[in-house]
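The next block holds one structure in the form of structure tokens; read it before the comments.
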């Protein structure tokens with residue numbers, strides 16, 4: 001049914017007549033099509049600042065014949081109206097809007113061909129060039145790096161996280177010239193939100209023309225829709241190491257009239273439509289199917305002798321289609337797209353724009369000039385979808401599902417190497433329900449999916465309750481001969497995938513039960529880190545107390561045991577090093593006896609949850625450059641088959657000042673167990689890689705003092721995270737150092753011994769004579 005909101009303007013018109021009669025002069029300014037502007041006397045400029053344009057301002061209008069709508073993926077109330085005026089609304093057309101004007105450098109005609117919301121800006125193509133309009137500051141900035149005329153801008157917003165991978169998606173902007181030949185290389189890409197662009201090379205396989213270019217992060221690809229000379233189109237998936245083209249499909253209309261909608265939600269859906277064609281792809285253009293009409297056998301949209309005027313979608317899979325006979329079709333896109341014909345007929349005499357509200361109902365928007373406010377107002381007609389579904393022929397089945405929900409809807413989950421994600425959904429159908437939950441994943445080559453639906457009790461009404469358990473694992477791991485997981489060459493960090501649970505077979509029923517979506521990111525969980533186990537510390541044994549460590553505690557490192565450049569060079573320090581101890585950073589030091597081979601016990605944590613003992617290779621360095629410790633195993637003892645890396649060589653290879661924090665990490669680590677490594681040249685060298693599963697340990701000298709170590713997990717197959725932790729160690733039990741060299745002390749001892757021996761001999765001889 002329709003609910004109409006019309007305003008009466010009798011009082012407004014009366015006020016305008018009075019104001020116009022009081023103005024002695026009125027001159028008409030030149031205005032762009034569709035909007036009336038009048039100039040005001042100079043003395044009234046300050047009162048009319050809102051409606052008077054600056055001298056350099058350019059009025060903007062759409063280059064297309066029919067109005068169009070651009071909605072933000074992340075803010076449901078932010079939208080752009082493109083028609084006789086270019087209007088930005090932040091209240092979903094519930095308030096009046098002032099036409100957008102270009103107030104940047106240079107003079108423009110003001111013809112707008114395309115626009116998209118990107119981060120906190122609006123990317124808008126004016127007169128064949130891209131400009132960024134800041135939604136917060138109201139400033140205009142021309143894009144850099146675009147060397148040819150363009151017509152269309154494309155962007156996908158990632159709204160569920162501020163993670164770098166998600167921000168990278170939102171910062172990706174694609175720019176191209178619709179209908180241009182692919183060989184002209186007029187496709188541009190930006191990775192910084194549209195500020196600057198670079199050419200995106202795409203090798204043409206024949207004479208191909210660009211229909212659209214889209215960012216598809218859930219398959220790690222840029223997808224281009226191309227047309228050939230035979231009036232057929234296909235999709236090409238372009239990624240780092242592959243380019244895959246789909247089958248050809250016939251076009252029913254000229255290339256310039258084809259529209260492609262990439263709905264929000266990141267499920268890989270595409271809707272391709274033109275006046276005589278409506279197609280749907282559930283998987284990034286790989287499979288393309290027609291949109292069917294319920295109740296009519298094998299009938300597809302549009303019907304014969306009817307054309308399509310508008311198509312609207314939302315991020316939950318709902319879609320609406322308006323045809324040239326005034327008929328409105330409503331449907332839902334899942335594995336396939338099915339629509340039902342509404343009984344009501346739409347008045348086509350007005351330029352209405354169709355969109356979905358927050359509640360899933362349809363809104364018809366008509367823009368009209370507000371002479372009083374010198375802006376644009378909007379008339380609304382709301383179509384209550386649920387009411388229309390009760391009037392369809394054949395009737396739509398009432399929803400036989402009582403509950404369908406989960407705790408993961410809209411959430412982001414991380415999958416680290418070798419880890420799994422467990423999801424759960426609740427499903428309570430009525431006894432005669434034929435629907436069933438179906439789990440889909442956008443990137444089946446990236447994730448393995450294991451689902452199980454189990455009975456989970458009975459509701460108070462006696463209805464069976466079901467629980468759907470979902471387990472997700474990352475693919476592209478191979479099990480090595482030693483039983484460890486090794487990443488294959490196709491492993492992709494930072495890849496996104498969307499997992500969706502929908503009710504299979506419901507068609508347009510159960511409107512209020514939206515698909516349950518979770519987003520999966522292959523990468524390092526933000527809270528994952530390592531800690532060192534501190535079972536015996538100086539505080540627990542009474543060597544130091546926390547009060548002592550807090551009271552400006554400091555210690556001295558002799559110049560003979562440290563290297564300021566961390567290059568392990570004896571004699572490189574010119575003076576002793578005075579260190580102030582930070583109990584905030586290191587708390588109580590681990591207590592280690594000097595004569596005991598030692599290795600720290602590293603623990604893996606995710607937030608405040610303990611995960612496991614770290615079983616991967618790691619390396620350590622002393623933060624202040626101390627080098628008076630050794631390793632228990634040699635290269636030969638560690639059974640290396642290639643020459644292992646070491647601190648000295650890696651630090652010396654750094655371009656600038658040696659930095660042990662970056663010299664040896666998971667990014668450049670090479671295991672000495674790899675036969676493809678450098679040949680074994682020094683088997684007696686110390687093996688500087690530690691692992692709790694091996695015998696290698698740290699050997700401390702006859703030295704009592706404080707060490708501050710940083711441990712870095714270097715095994716690239718253990719985690720995507722850069723796992724480091726810094727901790728302190730106090731070594732005790734060593735004898736005090738001798739003030740004299742051992743050879744001198746031995747000589748003095750022997751001399752004293754000889755003297756005592758001679759004295760005893762003479763005393764004994766004297767006593768013998770007596």
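Even glycines carry a Cβ here, placed using N, Cα and C.
Remember, predicted model here, so these are calculated numbers, not experimental data.
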- Check each of the ranges 684-703, 744-763 against TrEMBL and return the one annotated as transmembrane segment. 744-763
- Note on the structure: For the domain 'CATSPERD Ig-like' (401-521), the averaged pLDDT of the predicted model is 86
- Task: Sort the residues of the domain 'CATSPERD Ig-like' (401-521) into helix, strand and coil with DSSP and give the three counts.
- Result: 0 helix, 71 strand, 50 coil
